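Have a look at the structure below before the remarks.
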């Protein structure tokens, strides 16, 4: 063959070829490969892609890559393409606001609203605080809990806020006024571990949400009626985490080492669909490949708002379908455990026979318990945070190990992704936050400033701000 061409095979992350192997110019680089993929996929709107060879991003021409890595021109060069966000988020690197002496107790959870306009924080001082992100000042102090606030969750339409406490009580708030709606809701016998809302493309405006608790139950509530609709019982120990999938399936992870999948029938009953049993320790964390769009509903990084509920529901559905990828692609689920492992699952989007519900990949690598797992917004990566002081990056489609981010001097508690999936944020017992670059696989920014352990972190859906809080009772806002 002529030396000015290279035989290449383009494939997606799952290994599906994009046509046959083909000769491309020796000097073909990033732009030429993008044009090639857009042409083969018949994309009406030109999309952006990144390219990988042997898990390393291709940043030079194909010919230069082959020369530097001593790849024979007689070999077929396999290039994996991955769609990238067309927008780019600026990396956060400076603290724009430190708000002290507002919370009187440690900050246990922080969460930005889907529309990016407000921030909620929950604290050991038994309050939820709402913050105005334009002025970076406190808006409301929400009182109603009598114990530590352990979890807060915004509805995907950004109109409702729910919080759960150490006493098992649930509070429903009007975030526009900071008012408690009704009384604190009773049901759980022990503390609340997690909260998830029904996706916007399934129900709009938002009404139903699910909580899970140390009492071993999960409860589905109606925000409008302020009461429990369904109790999901069956776990033999505490339920540590809960997710509400885009097909309506509810996933609960427990200290009994299992993950249970629940279906809500049209008659309003909760039915156990399947039990995933592969973990040998507590299940600490769950994440869905579509999690970013399930959280943000119809709101994208531009924070645009349309008028009607029907239009918002339609936009949320379009975003969900796009996030799933291929028409026949199921939502993927990842779980992190005390057994030092994370497992990637592909529960079917339909009610298939039990034996078809199998794990697609089991990945090990952490030396201590896995505290948090999180899919990137584009679903292409999985990040895991561990008490072994490391953050690890995995392929979100295959479960293959990519790299380890090391730099924290103590346990890593929580992670959060930039909306464009190009950066990852971690917070640690060592009092720092760190921003990691997914492209270079290196530390991008070290963010010291907290005086003690940092327990909670969130990156705003519009990408403009990061919030953090922890043992020092300070809420910090960070910017690019």
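A Cβ is built for glycine as well, from the same backbone N, Cα and C atoms used for every other residue.
Automatic prediction, not curation, is the source of TrEMBL annotations.
What TrEMBL says about this one:
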type   : residues : note
DOMAIN : 6-65     : domain 'NLE'
REPEAT : 100-141  : repeat 'WD'
REPEAT : 142-183  : repeat 'WD'
REPEAT : 185-231  : repeat 'WD'
REPEAT : 232-264  : repeat 'WD'
REPEAT : 363-404  : repeat 'WD'
REPEAT : 405-446  : repeat 'WD'
REPEAT : 447-480  : repeat 'WD'
Check your understanding: By DSSP, what is the split of the domain 'NLE' (6-65) into helix, strand and coil residues?
Key -> 15 helix, 19 strand, 26 coil
Check your understanding: What residues in the same chain, six or more past the boundaries of the repeat 'WD' (142-183), come closer than 8 Å to it by Cβ-Cβ distance?
Key -> 105, 108-115, 117-118, 120-124, 126-130, 189-197, 199-200, 204-206, 209, 211, 213, 215, 221, 223, 226, 294-299, 312, 316
Point to revise | Mean per-residue pLDDT computed across the domain 'NLE' (6-65) | key: 90
Study note, to complete from the structure: Answer key: the stretch among 185-231, 363-404, 405-446, 447-480 with most Cβ pairs under 8 A to the repeat 'WD' (100-141) is 447-480
Study note, to complete from the structure: DSSP tally for the repeat 'WD' (405-446), helix/strand/coil in that order, comes to 0 helix, 24 strand, 18 coil
